[in-house]
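According to TrEMBL, the protein carries these features:
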type: DOMAIN; residues: 32-273; note: domain 'ABC transporter'
type: REGION; residues: 318-344; note: region 'Disordered'
type: TRANSMEM; residues: 367-389; note: transmembrane segment
type: TRANSMEM; residues: 401-424; note: transmembrane segment
type: TRANSMEM; residues: 445-469; note: transmembrane segment
type: TRANSMEM; residues: 481-505; note: transmembrane segment
type: TRANSMEM; residues: 512-532; note: transmembrane segment
type: TRANSMEM; residues: 602-624; note: transmembrane segment
Amino acid sequence: PTMRPSASTASLEDAATALAPLRRVRVDLVDLRYAPIVRDAKGNRAPKRVIHGCTTSFLPGTVSALMGPSGSGKTSLLTVIAGFVDQSHVSGNLLVNGERTQVGKRLVGIVFQDDMMLPALTAFETVKFAADLRMPRRCSDAERTEACDAILNELGLAHVRDQLVGGAARRGVSGGERKRLAVGVELVTRPALLLMDEPTSGLDAAAALSLMRTLRTLASRGQTVVAAIHQPRTTVFDSFDHLVLMSKGHALFDGAPDGCVGHLESLGLGLTLPPRTNPADWLMDVIAADESLGEDTRKLPEGWKNAKEKRVFVVEDSDASGTDAAAGKGDDDDDGSARSEREGASVWRQLRVLTVREDKSRRGQNLTAINAAQMLVMAILTAMFWWQMPDDTDAFVMERFSILFFCIIAQSNAVVFACVNTFAKERQLMIRENAKGMYHPLPFFVAKTASDTVNTLVMPCLYATVTYWCVGLKRTAEAYFVFITAFALCILVAQSLGLALSCAIPDVQVSLIVAPMVILMLMILGGFYVTFSNMPVFIRWLSWCSQARFGFTAMVVNEFSGRTFQCDPNGNHAGYGTGCPVRGEDVITALEMDDLSVGQCLLALALMQVGLRIAAYVAMVVNFTRLKQ
């Protein structure tokens, strides 16, 4: 029996002043084809036909199912309808309320199988951040909060309002609650068309039924609900109003679910549904057998093609009349035009909201006891080896060089590797949210990197401070502040380098292979292991691209300028300069670091950091555009 909408504890209409008005949308697909450009085994780019001439209609007030095995094209069809693909790869007609146009971003909500919500946010915060980014600018914060609470009540999530979403490493809401929460994120714009990919996947029977009741409740208000589903239980299968059966991009049936079995049995192929068998299970078995025949000998696609020529199936909907198209024409301007863009958050608001979200998403991670303990152990070990070096003899000049260079490379290398994974974790999330029109890539990049910068700097600078005074470097406040400034800039450059590698190389495994090679080259070019004059001429110029060179030079000049060192009475003369005592300037000259001042080095580091940030952003946008397609 068909399930009826359950009574809701609250209504979305309670927040009508803060939610965009619900429009009724009918979507018609006429001979729709989708053939994206993909690479074959030899690396050649060629179109791959994913959707083969799909013709169907999705009506307001109905819950439709796209059903088929993996690889049947269900998810691809959803993304085509949502407008998330390169439209140059799409042919045929997609009609919205009778007009050939794209479904506007504010008209459609899409929930993917892997919802990718941030585990450290609460259920309310997850919906609230979506509301802050997607609801009209005219809405006040109180109206947004009211709308979010109404949505949570509507979806039966009020009891987990302040509970963390959770994930693989953190306990949170249940699987069914997580699915409903993903729906809630989309409801902040009151979409007329709701698309869902495998909504019941991984849910038990009770959770799947609860979710389907939610979808039917939404459809009862006039929303058009379309769900891609693999092999539903009988109760879930019976709850759909409309079924499109798919296999390898072909439509095998389009109509009422209870007519699908009869259609297949009427094809004369000897197909019969066994008693007490789940129709969905049987349909999947039939499709699997048909797919094994090969593309040229398959019977089911041809059977549906012949059936369509004999009759035209229409989903009955008493409210889906020609007036729907007329009613929708005037409102659709909000979605594909500049007015739609003005409806969302401004760039400044996007930056503020994303910065707060990024900070909250690190809940329980910032400056943890483990990170503090790690830095403390490193500081203790460093102090043990370089404890209070004497500053009245030249015997410890080399030790001063080594501790300065060690501070740079030890912390910088760790930062590069940490940052390589920065965008890998949230790249797909950013692609999806940007495709929905939630924000521009620039505010996301600035918010992400700004939050990372604070967390990246704090612990290393504490380590450097402890190390500086424990090992006995130049004991003046001015020298310390120059040292810590150069050190912090080196860390920022290392972070920017990690970001650039992460953005330029989307594959994490490849970036983790490239990063050590880049780091090793920059270390060698720093001037500690090999002086600049002894480097090969053809590679010497690359030292100007090494943050280690500028950071090390600034620290050496800062440490040795204006100092004198007595020759070691035991005869361990370092050999810098021409006599005793050894002048600090002679040491700087011997290391070939007298061509740059501290100020020039700090300026170079600052410019490198800015340049790498710009390169990282450009690479992110380029790869984002490519991956989105």
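The chain as shown is numbered from 1 upward.
Backbone N, Cα and C atoms are what each Cβ position is placed from, and that goes for glycine too.
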How about the transmembrane segment (367-389) and the transmembrane segment (602-624): at least 3 CB pairs under 8 Å, pairs 6 or more apart in sequence, or not? no
In this predicted model, what is the average pLDDT of the domain 'ABC transporter' (32-273)? 86
For the transmembrane segment (445-469), which partner among 401-424, 481-505, 512-532, 602-624 gives the most CB pairs under 8 Å? 481-505
Dominant neighbour of the transmembrane segment (481-505) in 401-424, 512-532, 602-624, by Cβ pairs under 8 Å: 401-424
Other same-chain positions with a Cβ less than 8 Å from the transmembrane segment (512-532) and lying at least 6 residues past its termini are 401-402, 405, 408-409, 412-413, 416-417, 420, 497-498, 501, 505, 539-540, 542-543, 545-549, 551-553, 591-593
